[in-house]
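Chemist: According to TrEMBL, the domain 'Cobalamin-independent methionine synthase MetE N-terminal' annotation covers 30-336. Under the heading 5-methyltetrahydropteroyltri-L-glutamate binding site, TrEMBL lists LYS45, ASN144, ARG543, CYS544, TRP589. What TrEMBL lists as domain 'Cobalamin-independent methionine synthase MetE C-terminal/archaeal' is 454-776. Annotation comment: TrEMBL describes ILE459, GLY460, SER461, ASP627 as L-homocysteine binding site. The L-methionine binding site annotation in TrEMBL covers ILE459, GLY460, SER461, GLU512, ASP627. Residues or ranges marked as Zn(2+) binding site by TrEMBL: HIS669, CYS671, GLU693, CYS754. The active site, proton donor annotation in TrEMBL covers HIS722.
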Amino acid sequence: MKMEHFLKNTKAEESHGCIIAQETTIMVVAHNLGFPRIGANRELKKAQESFWAGTISEAELIEVGRELRAKHWALQKNAGIAFAPVGDFAFYDHVLNVTALVGAVPPRHANASGSTADLKTYFSMARGDAGVPAQDMTKWFDTNYHYIVPEFADTTKFAIADESLFAQVSEALAAGLRPKPVLVGPFTYLYLGKEKSAGFARLSLLPALLEVYAAILDRLTLLGVEWVQLDEPALALDLTADKLELFASAYARLAKHGPKKLLATYFGDVSDHAALLKSLPVDGIHIDVVRAPAQLDSFLVDLPSTKVLSVGVVDGRNIWRNDIRASVALLQKASSSLGERLWVAPSCSLLHTPVDLANETKLDAEFRSWLAFSTQKLAEVSAIATALTSGEAAVASQLAESDAAVASRKSSVRVNNPEVRARIAQLPANSDARQSPYPVRAKAQAARLQLPRFPTTTIGSFPQTAEIRKARADFKKGTIPEALYVEKMKAEISLVVERQEAYGIDVFVHGEAERNDMVEYFGEQLAGFAFTENGWVQSYGSRCVKPPVIFGDVSRPKPMTVDWTTYAQSLTKKPMKGMLTGPVTVLQWSFVRVDIPRSETCLQLAVALRDEVADLEKAGIAVIQIDEPAIREGLPLRRKDYDAYLEWATRCFRVNASPVRDDTQIHTHMCYSEFNDILPAIAAMDADVITIETSRSDMELLTGFGTFAYPNDIGPGVYDIHSPRLPNLAEMLQLLEKAVAVIPAERLWVNPDCGLKTRKWPETENALTTMVAAARELRVKYPAA
Ligand SMILES: CN1c2c(nc(N)[nH]c2=O)NC[C@@H]1CNc1ccc(C(=O)N[C@@H](CCC(=O)N[C@@H](CCC(=O)N[C@@H](CCC(=O)O)C(=O)O)C(=O)O)C(=O)O)cc1
Ligand SMILES: N[C@@H](CCS)C(=O)O
Ligand SMILES: [Zn+2]
């Protein structure tokens, strides 16, 4: 240990003229904002789905939850993490947990007792139940995690309605741990909700909500909790002065209640609010210095001596190993000035990274050395805190490993591909434009495709049955040969084609049976990508994804979808849509390299996918869909950054989509998001047809498309594929009438909200038959001129 550092981090006492150093009296704290709840082997997913299927009891599900919490707390304690986060566990979603806790249950889900403690009410809010629609689900900021949107009305009343949080605090205390409850803060909770009654602003409910938060905090004090973490990521968004005032008033109201409060911000730069945050009656502030490193100084200056500063220096959104030497250097000044008031943490909850790298058995040693999953990130946080407390020598081996990984990644020949760089540099200037404008293309496509008015189509995937998944798992394990796997997938494609013929669909899809996931499937076939065996991350409820890792320059070694698509086309005379995932979505749903700008990686993806589009056209495919559901999610959190992002994102889409003739029809598809604030950019993508999710919002989302006069064809979803609930003909017709009111009939398509992969066949059959019937009625009511 360097003497200089040692003295800086110890309290020196003078005794009889000698300086006696008392080691470890000043310790930088290592803590965590939240741990993934799914379990290293997706135990939670399996238990949830078994419970919903009726094969395990509620008690068994609850027991799985208890075991996971105990395991995750022990893991964090053993890694040297100071507190046990409580409240990061959820049987569906942590925002829904707050809804249950504060009793904000929409009347349609309320039970007689008014309590939300029962899982039936909880899951009814999340998934709908017996004809009662679920609450909306939307993206958690710019992540691929979806939360259940709280619903507020002028009649909403709050009261503590669920004991789970308190019970879990007791659970942690009984295990000898120091629980730190983690709750979405009151401002963010209201901000992320939606209004269900007219002429009312949800933030007007803040005073009433704060009464309940105050009561919750008091209960936590009574239980002996030292610290509570209140997450306010909404601070990373654009907030007007009156909103900030409300935010400040909320914390003033809570000042006298509860344990010490750590106010956690993440996902962006909150330095504009530094003075405000430092003045609040809270005991600590967490900032994300992975996303916004420059904000550290704003918080170090004049931080009141009563407050701790928690610095999120380990990336909670990506899987790259931390450069521990750089992190320690970044925090050295903070450590010297704050001592034990400095807390080290991941940038945000670890919800967004896989559980444990130890579960990967197939990664080569070099690549593996570049990675850290949640479990490894805890060790990194701990090592950084130890280095700051006791000097770098105390973590010599972790430092050496981290140094070696940083050096190996920088110099690896696997990362840079000169051919890819040259192709991008030579991309012709017109590669981002179709040959003719939409009206000309529309005529050419109408002549080629001969579609009826209100053409029906689906979004791509058909039910991914247990048999399909088993076949893929067997093929991956090597227990069935490739030929048999291909045969099984072809049989599935042929079944899907047959059924679409029977339903009377106009533009067919092959069903995506061969795809494990719409992004991972392409990642597995593109160069520059790596993929994991078990790197699961929760997307919503029990649904998980395994984001591929983009570590180097991206290229396409060979066609990826052409064989499956042409096989499907060979089975029918109806047009078969080629089905691709677009560059922005592949980027957004992968773990992305950080050594070059995201826009550059996106363009590499666009060029690789462009070649696939050209090959599909060459193979005779007349309609190609390029899914971009994540284009809205990738939007920066601050408006000032929108234009730059939308400029490169839409260009990448056009580069992908534009190598084709006028009579080849390009579709795109978007879901899960509010699109109205990016309509000009959606129009700039210049897809011939866009299919979008609208049914959950009762076509509300479509109004913007009408007002903006979106110029090309639109297919607003009429079937909410996220819910087991089936809409009847009258409901579909009502939705379509709303669409006809804002979009000219000749430009309307009829389709579900999104792919059908999560649905079962009987529901699919019922919904699509009804959908075709609805389109046929409209054709009669609004015949072509
Ligand atoms: C459209 N959405 C997507 C998002 N992100 C993506 N990357 N992909 C998306 O499609 N974001 C927004 C939305 C909503 N999100 C989702 C996310 C996930 C699902 C979903 O259905 N996930 C499946 C897992 C899909 C998958 O990768 N399957 C693999 C592995 C299957 C598996 O679990 N195998 C078993 C063995 C099976 C056996 O032997 O029988 C195992 O490994 O243990 C595959 O099919 O090969 C999920 O189940 O969570 C939907 C919407
Ligand atoms: N083609 C994909 C889009 C999902 S957003 C599917 O149908 O599943
Ligand atoms: Zn979708």
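From the backbone N, Cα and C atoms, a Cβ is placed for every residue, glycine too.
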Chemist: Which recorded positions, if any, among GLY460, ARG543, TRP589, HIS722, CYS754 have a Cβ under 6 Å from ligand 2, given in order along the chain?
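Modeler: If the test is a Cβ under 6 Å from any atom of ligand 2, the answer is GLY460, CYS754.
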Chemist: Between the two most separated Cα atoms in ILE459, GLY460, SER461, GLU512, ASP627, the residues recorded as binding L-methionine, what distance in Å do you get?
Modeler: 13
Chemist: Consider the recorded positions ASN144, GLU512, TRP589, HIS722, CYS754 and say which one has the Cα lying nearest the Cα of ILE459 (L-homocysteine binding site).
Modeler: CYS754
Chemist: Which entry in the list of binding-site residues, LYS45, ARG543, has its Cβ near the fewest other Cβ atoms, using 10 Å as the limit?
Modeler: ARG543
Chemist: Setting HIS669, CYS671, GLU693, CYS754 aside, what same-chain residues sit with their Cβ within 8 Å of the center of the Cβ atoms that define the Zn(2+) site, listed in sequence order?
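Modeler: Everything else in range on the chain: ILE459, PRO629, MET670, TYR672, THR691, ILE692, GLY717, ASP753, GLY755.
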Chemist: Among the recorded positions GLY460, CYS671, HIS722, CYS754, name every one whose Cβ is found under 6 angstroms from ligand 3, counting any of its atoms.
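Modeler: The ones that qualify, in sequence order, are CYS671, CYS754.
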Chemist: Which binding-site residues from the set ASN144, ARG543, TRP589, ASP627, HIS669, GLU693 come near ligand 1, judged by a Cβ under 6 Å from any of its atoms?
Modeler: ASN144, ARG543, TRP589
Chemist: Measuring Cα to Cα, tell me the gap between HIS669 (Zn(2+) binding site) and GLY460 (L-homocysteine binding site) in whole angstrom.
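Modeler: Answer for this pair: 10 Å between alpha carbons.
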Chemist: Between the two most separated Cα atoms in LYS45, ASN144, ARG543, CYS544, TRP589, the residues recorded as binding 5-methyltetrahydropteroyltri-L-glutamate, what distance in Å do you get?
Modeler: 20
Chemist: Just to be sure I understand the packing, how many Cβ atoms besides its own are within 10 Å of the Cβ of GLY460 (L-homocysteine binding site)?
Modeler: 25
Chemist: Show, in sequence order, which residues other than ILE459, GLY460, SER461, GLU512, ASP627 on the same chain lie with their Cβ within 8 Å of the centre of the Cβ atoms of the L-methionine site.
Modeler: THR458, VAL509, MET518, MET579, GLN625, HIS669, CYS754, GLY755, LYS757
Chemist: Of the recorded positions listed here (GLU512, ASP627, CYS671, GLU693, HIS722), which is spatially closest to LYS45 (5-methyltetrahydropteroyltri-L-glutamate binding site) when Cα positions are compared?
Modeler: HIS722
Chemist: Including all protein chains shown, what's the count of other C-beta atoms within 10 A of the C-beta of ASP627 (L-homocysteine binding site)?
Modeler: 25
Chemist: Counting across all protein chains shown, how many other Cβ atoms sit within 10 Å of the Cβ of CYS671 (Zn(2+) binding site)?
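Modeler: A count of 23.
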Chemist: For GLU512 (L-methionine binding site), what residues in its own chain, 6 or more apart in sequence, show a Cβ-Cβ distance under 8 Å?
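Modeler: Counting only residues 6 or more apart in sequence, the Cβ neighbours of GLU512 (L-methionine binding site) under 8 Å are GLY460, SER461, PHE462, GLN464, MET518, MET579, GLY755, LYS757.
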Chemist: With a 10 Å radius around each C-beta, find which of these binding-site residues (ILE459, CYS544, CYS754) has the fewest other C-beta atoms nearby.
Modeler: CYS544
